[in-house]
C-alpha cells in the first residue's frame, strides 16, 4: 500500500499545550540530572536474545564503573531469570553501598508481592510501578475509564507502601510512571500523579519519583518540554517529588526531548547506554552525558574509556553501535573532506593543550574519551592536501611544504580514484616513497664527497646514468650550488626546506627542494638521511629526476 497523498485522513497531529508563559526556552542546563540506567530492564526486554545471568552481571559492573548510582536491574515478577539475578545481586554482595537498584512491576497485587520477595535483604531499593493512562490505551487495551485508571494506581501504591513498611531493614524508594504520559491529557496525568502523591506522602527528605514517559514519541521535543513544565507547575508537593524523564526515540529526537525536558524543570533521566531499548530505543545516556560535558558541565558519569564500555554493551546486547553514533561511532571523529581536514590540521597546530578546546569539526577532544587521533583524518577521493599532510606529519614526522602538499595531493587523488578506496597512512607513505624517495631515473646517486675551503665547496658526485657510472664535479658557495653547477642540464632551485625527523642520536634529516627545469613548471623532490647534506643532495636528485621524467612525457605526447 503506497503512502497517502493526504496523510491527514489517517494521522492526527498532536494538540499543542496552551502555555503562553512557558519559561523553559530561557533556561540552560548547568548541572547534571540524576541518572538511571534501564539497560538491564527496558534495554534487555527489547533484545532478540535477552541477556543471560553472566552478561547481566558483566553489564551491571560496567554501569557501576561508569558511575551510575541508580540502576534498574529487571522485572522480577515477570521473569524467573530477572528474579534470580536480583537475588544474586543482593545475596552475592555485588551492589556497592552508594548504588541503589530499581525493579519494575505492573500495578497488580500478586506481581507487587513477588517483586518484594525478590528484594528481600536489599540495603536500598526503588520499587517502580506503572499503569497506562493515555486515551487509546484506556479504550483499546484496558477498557477502563479515567476513574478506573486512577483507582489502579492508588490501590497499587497502597500495596507497595504496606509491603515496604513490613520490611524496614531496607531503605525504600518509590517510583510511579503514568505510562504513555506523552499521549495522556496533561490535566489527567497530573490528577493521577497527585492521587499517588497522596498515597505515599513524600517529604523533601524522602522524595517520590514521578516518571513521565514518552513511551511512544509522538510530537516534537518542544511539546514534551511544555508537558513537563505544565506538570511541574501543577503537581502537588513539588519540593517532595523527583520529576523523571523517560524518552524514546520513535521520531529520532529522544535526546533533544530529554534536554528540553530538563530545561522545563525535570530532575532525573532514565535511559540506556547508546540508546538501546524498545523499537527505536530509549534515550542514549552517553550522548546526553557527553553533550553536557562538551558544554563544560560535569555529567557525573565517566566515559574516559568509551570503547571499553562500547565493547561490553555490544557483546551483551549482541547489537552493533552505528559507525555514525554520536561520540562513540567509528567514524564520528573522522574527516574525509579536504576542507574539513585542512581546518582540523590547522586547529591541532594552534590548540593550546591547557586552553579551551577549539579544534574545528571536533566538538570533543577524542583523547578525553580514550580515543586516539589516528582516525581523525582519513584519506579517500574526497580528501585534500590538509589531511594527507596531517597523516604524514603525525605518523611519520614528515612536514611537507605547502606547495609540495598541493603537488603530492594530486598524486594521492589519482591513486584513490584508481583504487576507489580509502588510503591508510601507511599506503600514503608508501606512495610518497615511490614518487619521491625512489625517483632514481635517469640519475641514481651512488655517493658524494664534499670539500670546503675558504667559503667554497667542491662537490664530487658519483651517479649511475642509465646503468653507466659517471663522475661529476662542481664548485659553489654551498653543496647545492656546487651540485647545480655540475649537472648536465640547467636547473633553478625555487625553494628549499629542511627539518629533523625525531630527536637524539636516531634523528634523521628531511630536505625538500622545489626545482624548475628549462622553464617548465616547478616540481618537488624529497631526501631523507641521517646527514643533512646528503638529504639535501638526495632531494635535488629526486626533484631533477621527476622533472626530467615530466619533460620526457611532454615530448612523447
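Note: Cβ is positioned from N, Cα and C throughout, glycine not excepted.
Among the candidates 42, 52, 465, the residue that Swiss-Prot names alongside 246, 248, 282 for the Mg(2+) site is 42. Cβ contacts within 10 Å of residue 248 (Mg(2+) binding site), excluding its own Cβ and spanning all protein chains shown: 25. Following the DSSP three-state reduction, the secondary structure of residue 42 (Mg(2+) binding site) is helix. Its own atom aside, the Cβ of residue 282 (Mg(2+) binding site) has 30 Cβ atoms within 10 angstroms in the protein chains shown.
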